[in-house]
Amino acid sequence: MAKPVEKTRALRKGAWSPEEDRKLTAYIKRYGIWNWAEMAKPAGLQRSGKSCRLRWVNYLRPGIKHGNFTKEEEQTIIDLHEKLGNRWSAIASRLPGRTDNEIKNHWHAHLRKRFKYDLNALPESEPSEPSSDETNQNSSSRSNPTDNIPRPSILESYSAISTDSLPSSSSNPLVEIEEKPNIKGSIGSLDNFKA
DNA sequence: AAGATAGTCAACCGCACACGC
DNA sequence: TGCGTGTGCGGTTGACTATCT
């Protein structure tokens, strides 16, 4: 069902501007994450909750590493992909600072080709679903009853993040931000994240 | 130098799950 | 117990950049 708060507003799409980044970061730094769908408005953003969450998780969140993957990281991805398949979030949880989206992109852009090439170069290599993405075993992983790997909560990871790395909001956009609506439930798990 | 093609990455979409009521 | 809502995940798309012809 459509969310009323998003239905009544024209939502921006596409690339985020530095100003939007600044607003979202400043808002989360001050109030924490309490409801993605509702946060955007008081934060001064014409974005969907999903968009805000994605931007935060994949780009703005403190501790995110950008740039080239190290050899060790690549090897870890390859090893874990061999074991887990396209469970990018599970793989990401074992690579601190890397996001599932970044790993997924890196896999498709770099590692998959190399991995396939390596397999072709190894005539006796194990048949461990090397073309997993092509055989489309994707969605099964989400409901796989044999999966004993817990789905990591993104909120849990926040607790390990220091706010020191958050940019300081010197020109405080929050002056314009209206009072935060009722905060419910999930804010509690962000206590450690909040300064 | 200009157009075509390939590669990369940020972001969106749709689905499934978790949880509260 | 069923329903509604929010969140998380993986697949896919589209824009931008680099390289090739």
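One-based numbering along the chain as shown.
Backbone N, Cα and C define each Cβ position, glycine as well.
Given the structure is predicted, the values throughout are model-derived calculations rather than measurements.
Copied over from TrEMBL:
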COMPBIAS  A:133-147  compositional bias 'Polar residues'
DOMAIN    A:8-60  domain 'HTH myb-type'
DOMAIN    A:8-60  domain 'Myb-like'
DOMAIN    A:61-115  domain 'HTH myb-type'
DOMAIN    A:61-111  domain 'Myb-like'
REGION    A:122-195  region 'Disordered'
Do you know the mean pLDDT across the domain 'Myb-like' (A:8-60)?
88
Residue counts for the domain 'Myb-like' (A:61-111) under DSSP, helix then strand then coil, are 31 helix, 0 strand, 20 coil
On the DSSP side of things, how many residues of the domain 'Myb-like' (A:8-60) fall into helix, strand and coil, could you say?
30 helix, 0 strand, 23 coil
